[in-house]
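**Student:** Just dropping this structure here.
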Ligand SMILES: [Fe+2]
Ligand SMILES: [Fe+2]
């Protein structure tokens, strides 16, 4: 599942040339992606930590000598609150887009079966990850849930009917926005971690693992982008119109979901 | 029975403040499991209000209880200025502390197929109702304060927080639109059960427990019916599309 390619990184740095790409060069914890438990092991605060992969290096076990760990500030919490809500909504939409794109698309292009199933499976995994995070961190889902469900299903179905290129252009447009969106979140979290470390505080596992998860998911989104371009997204007609409409739709949806 | 809840809903709709109605529903932000959440009351408030609560049995939810409590806690009676909402501060203190106390008795279960969320909701809600049992003779006064216009937003928010707390501790992990409907339904059921309780003379509030049980079961049925309708519509639509596709229609 977790394929590491360099392409997404190159792509995003092309997409956002003015932005620093330092966060890609970050230290080791990016290399062993720490997965949020798929089925959330929601334990009460007092319960012992789950017996899952103990990401060793950080000292939650040493009683003394542990660095101070400051609680997240209200503004940090509200950032995480809306960020994770938007992510869940986005993954809901992505899952539905592929679900509804696949049947009409496969009738004309059976060779896309594997690709579509692979992308859908990854989106379903992302969706499950954020669902579990919402339940675990007690974040409400977006109130626009039914609306996004309808919109994403329609978008997937319509672009699927329009043909392979349009479907791929849809994926390209969506993943461009989503990839940039995840990148923005990673950048913020990385800044927090740097600030915490500068103050000599310990970065909590929650934030650390979240950064790892977001990076992994972002890389997978950017793989989808690559695949879509490879399958001829740019040949869609009218490419520019589709690209512009879908991307502004994504931006609008993100804006709304951050708020309600 | 829904009488108590109706004014809440109305104000919620009328509220034109910058905080949208949804923020009342959401009631909380990202919950970190790495830090115990701090008490919403300052030590002074805590000292005065907890002392004042002891006078509620004799002097009800009144300014008098509040100033007696302040004196008990070693503060001048004037220090009740700390509480601009007056006697309502006592009601609020009771509601908040009772809600927070639930997590002492219940902890969120790990997900498992045997998990019976409805049963958990019922026992947690009943436990919470019993927290109000000692104040039943005074509860009419509390309800009067709760239905005052200026106190309604706080009351609604607290009720939403309670519903969220109960569902969280019961192990619910619903994060679809049902997140909202579950909380609204539970809040309504809880409020009506509390109202029922003020008239309940049965031993150990057995009638209230029955009432709560029945309302929750009805809610459950409605919820199932709702999702069945959704599934049925989905199946019909899916069948229709497949049928058309098999006839060569290009959808
Ligand atoms: Fe995704
Ligand atoms: Fe994707």
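Numbers run from 1 along the shown chain.
Cβ atoms here come from the backbone N, Cα and C positions, even for glycine.
TrEMBL annotations: computationally assigned, not manually curated.
Computed from a predicted structure; not experimentally measured.
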**Student:** Given that TrEMBL lists A:91, A:123, A:126 as binding Fe cation 1, which residue among A:206, A:209, A:221, A:223 does it place in the same site?
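**Tutor:** Between A:206, A:209, A:221, A:223, TrEMBL records just one in the Fe cation 1 site with A:91, A:123, A:126, namely A:221.
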**Student:** Looking at the Fe cation 2 binding annotation from TrEMBL, with A:123, A:221, A:224 already listed, which candidate in A:175, A:177 is the matching residue?
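**Tutor:** For the Fe cation 2 site that includes A:123, A:221, A:224, TrEMBL also lists A:175.
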**Student:** Taking the recorded Fe cation 1 site as A:91, A:123, A:126, A:221, identify the other residues of that chain whose CB atom sits within 8 Å of the mean position of the site's CB atoms, giving them in sequence order.
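**Tutor:** Apart from A:91, A:123, A:126, A:221, the close residues are A:90, A:94, A:95, A:122, A:125, A:127, A:178, A:217, A:220.
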**Student:** Could you state the CA-to-CA distance between residue A:221 (Fe cation 1 binding site) and residue A:175 (Fe cation 2 binding site) to the nearest Å?
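**Tutor:** Residue A:221 (Fe cation 1 binding site) to residue A:175 (Fe cation 2 binding site), Cα-Cα distance: 6 Å.
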**Student:** Whole-number answer please: how many Å between the C-alpha atoms of residue A:224 (Fe cation 2 binding site) and residue A:123 (Fe cation 1 binding site)?
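**Tutor:** About 10 Å separate the Cα atoms of these two residues.
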**Student:** Write out the long-range same-chain contacts of residue A:91 (Fe cation 1 binding site), meaning residues 6 or more apart in sequence whose Cβ is under 8 Å from its Cβ.
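**Tutor:** Counting only residues 6 or more apart in sequence, the Cβ neighbours of residue A:91 (Fe cation 1 binding site) under 8 Å are A:123, A:126, A:127, A:129, A:130.
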